[in-house]
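Undergrad: Feature table excerpt (Swiss-Prot):
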CARBOHYD  Asn83  N-linked glycosylation site
CARBOHYD  Asn94  N-linked glycosylation site
REGION    1-23  region 'Disordered'
TOPO_DOM  1-32  topological domain 'Cytoplasmic'
TOPO_DOM  54-122  topological domain 'Extracellular'
TOPO_DOM  144-157  topological domain 'Cytoplasmic'
TOPO_DOM  198-210  topological domain 'Cytoplasmic'
TOPO_DOM  232-239  topological domain 'Extracellular'
TOPO_DOM  260-325  topological domain 'Cytoplasmic'
TOPO_DOM  347-355  topological domain 'Extracellular'
TOPO_DOM  377-383  topological domain 'Cytoplasmic'
TOPO_DOM  405-410  topological domain 'Extracellular'
TOPO_DOM  432-443  topological domain 'Cytoplasmic'
TOPO_DOM  465-470  topological domain 'Extracellular'
TOPO_DOM  492-518  topological domain 'Cytoplasmic'
TRANSMEM  33-53  transmembrane segment
TRANSMEM  123-143  transmembrane segment
TRANSMEM  158-178  transmembrane segment
TRANSMEM  181-197  transmembrane segment
TRANSMEM  211-231  transmembrane segment
TRANSMEM  240-259  transmembrane segment
TRANSMEM  326-346  transmembrane segment
TRANSMEM  356-376  transmembrane segment
TRANSMEM  384-404  transmembrane segment
TRANSMEM  411-431  transmembrane segment
TRANSMEM  444-464  transmembrane segment
TRANSMEM  471-491  transmembrane segment
Amino acid sequence: MADSTRPLLSDFNSSESNLPPPRSLEETIERCIGDFGWAQFLQAALVSFAWFFDAQQTFITVFTDSQPMWHCDNSDRVDSVCNTSSSNLCTLPNQTWSWDLNPHVSIISEWGLQCAGSFLKGFPASSFFLGCLIGGLALSTLADSSLGRKNMLLLSCLIMSLSSMLTAFSTSIWVYAFLRFLNGCGRATIGTCALVLSTELVGKKWRGQVGAMGFFCFTLGFLSLPMLGYINEGNSWRNLYVWTSIPTLIYCCLVRSFVRESPRWLIVKGRKEEAVSILQSIASNAITMSFTNLCFEVENDQSKSNPDVYDALKILVRKSWSFRRLLAAMVVGFGIGMVYYGMPLALTNLNFNLYLGVVFNALSEFPAFLITFFFIDKINRRDALIGFTALSGISSALIAVLGQQLGSLQIVLELVSFFSACTAFNMTLIYTIEMFPTCVRNSAISMVRQALVFGGVFSPVMVAAGRENQFWSYGLFGLIIGLCGLFVFGLPETRGSVLCDTMDEEEYKTLAKRQFIG
């Protein structure tokens, strides 16, 4: 079976006949493109920059949906019933108070939602994450089946940018929530497509570093929002959606014109001439190999003339080993996602300055990125994930044990827990890339990313319960990520492994590894 499924390279020029034939498509591609050159770097950087816009749309509601500050009118009067520090805004007559800034700075003040229930206030944000879940399930397999990585990335960015632009013209919270849902549907596959495409354009030596570039761009996008919010202070919240949508539209044009499709995906789909052309365009200048007679032989796992868009998911579930890997990775992702999305929300439960806490949380993503970038090729994936999930869980549980008396120590533990969750978040995505072959890789990583988002869906409820007792927020955060992290023991180690392209090739590699160990 191994001989019939492994990719082969044939018909070398006579000048290359002294070179041993590569044993896999991975070696063939690395031999073609050579060392990591400028062409590959520019391709990876352009693709990874999609994460920048992804982060902006994920966290933009921090500013657009916030509760504005207000003040009492004529509060110096003896008979005044208004007191900013002790009065409930909803019990005061409208003529006794005013917003500090223009009512159009937030959807809360513009649409008079200050006294609405927590469900209605949070409905747009919930709609966004619901869109992420549905969009991820509905669109993720298209990158493996019919559209490919590049076209799926382009479509996702286009949907996200257009829906963001339309959001600026919302006339009610219901229209606003629907457009946020549509925005989430488009945004759902951006991170996975960008990560998979950027790593498939380079060899395994630089795979981890290139994957970490996307995480760095995501952090930059997150940090760009406070700057935009400061510039827009006192003006309409609609400006933020316009300002973030226009650059995304420009980025779509750049992707359409300059980004190359994954040569791995093209080869698996039988489009070998296009793959050779792309390999030639991104090859290092030092490579002199002739591409004219380059020939790949790859068995297509989806040998159908008209493949179903959900073929990749069917293959993942049909094979017992891939289903076990996917299930374990999703459980790990669920626990990590709950802490990653829940920790910033739970800052309001700590006895610490909220603004400084948010800034520290955002900045803690930088060391998480640096560790991923510089050490991803030096550390075992399983050991690192177990260590970071355990550290995050212990730190989070200690916050609940200490209580609110030690505010400074609590924020230190919170930052340690959030930093560990960020690092585990990054490593989980790279780990998933290495565990699954090209024919199902995008679908697998999309499912794991949906598990991360699904974990975040429960975080707001736990944070609300934790206002009375921190065990229900930080205590459960620590317990869940710690238990979910144990599922890493069911996953294979992938550091330094070759990326496979078909299910049979992955099975052969796993079998050979077991026989070697045995």
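Backbone N, Cα and C define each Cβ position, glycine as well.
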Undergrad: Are there at least 3 C-beta pairs under 8 angstroms linking the transmembrane segment (240-259) and the transmembrane segment (33-53), leaving out pairs fewer than 6 apart in sequence?
TA: yes
Undergrad: Taking a Cβ cut-off under 8 Å, which residues six or more beyond the ends of the transmembrane segment (326-346) line up next to it in the same chain?
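TA: Answer is 316-317, 358, 361, 385, 389, 392, 396, 414, 417-418, 421-422, 424-425, 428, 431-432, 435-436, 444, 447-456, 458-460, 462-463, 466, 473-474, 477, 480-485, 487-488, 490-491.
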Undergrad: Among 158-178, 211-231, 356-376, 411-431, which stretch has the most Cβ pairs under 8 Å to the transmembrane segment (384-404)?
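TA: Ranked by Cβ pairs under 8 Å, first place goes to 411-431.
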Undergrad: Could you pull out which residues elsewhere in the chain have a CB under 8 Å from any CB of the transmembrane segment (356-376), counting only those six or more residues past its ends?
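TA: Result: 208-209, 211-213, 215-216, 218-219, 222-223, 226, 343-344, 347, 350, 411, 414-415, 418-419, 422-423, 425-427, 430.
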Undergrad: Of the listed stretches (123-143, 211-231, 240-259), which one yields the highest count of Cβ-Cβ distances below 8 Å with the transmembrane segment (181-197)?
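TA: Most Cβ pairs under 8 Å with the transmembrane segment (181-197) come from 123-143.
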Undergrad: Between 158-178, 211-231, 240-259, 411-431, who has the most Cβ pairs under 8 Å to the transmembrane segment (471-491)?
TA: 411-431
Undergrad: For the topological domain 'Cytoplasmic' (377-383), give the DSSP counts of helix residues, strand residues and coil residues.
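TA: Grouping H, G, I as helix and E, B as strand yields 3 helix, 0 strand, 4 coil.
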Undergrad: For the topological domain 'Cytoplasmic' (377-383), what are the same-chain contacts with Cβ under 8 Å, counting residues 6+ beyond its ends?
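TA: 205, 208-209, 427, 430-431, 434, 488-489, 491, 493-496.
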Undergrad: With helix taken as DSSP H, G or I, strand as E or B and everything else coil, how many residues of the topological domain 'Cytoplasmic' (198-210) land in each class?
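TA: Its residues fall into 10 helix, 0 strand, 3 coil.
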Undergrad: Counting only residues 6+ apart in the same chain, whose Cβ is under 8 Å from the Cβ of Asn94 (N-linked glycosylation site)?
TA: none
Undergrad: Looking at the transmembrane segment (211-231) and the transmembrane segment (444-464), are there 3+ C-beta pairs under 8 A, with each pair at least 6 apart in sequence?
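TA: Stretch pair does not touch.
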Undergrad: Where, among 123-143, 158-178, 411-431, 444-464, do we find the most CB pairs under 8 A to the transmembrane segment (240-259)?
TA: 158-178
Undergrad: Any residues 6+ beyond the ends of the topological domain 'Cytoplasmic' (198-210) with a Cβ under 8 Å from its own?
TA: 26, 29-30, 33, 36, 40, 43-44, 47-48, 149, 260, 262-265, 282, 372-374, 376-377, 430, 433-434, 438, 441, 496-499
Undergrad: For the topological domain 'Cytoplasmic' (432-443), could you work out the same-chain residues 6 or more beyond its ends whose Cβ comes under 8 Å from its Cβ atoms?
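TA: Long-range Cβ neighbours of the topological domain 'Cytoplasmic' (432-443): 140-141, 143-144, 149, 152, 192-193, 195-196, 199-200, 207, 211, 262, 264-265, 268, 300-302, 312-313, 315-316, 322, 325-326, 329, 381, 491-492, 494, 497, 499-503, 505-506.
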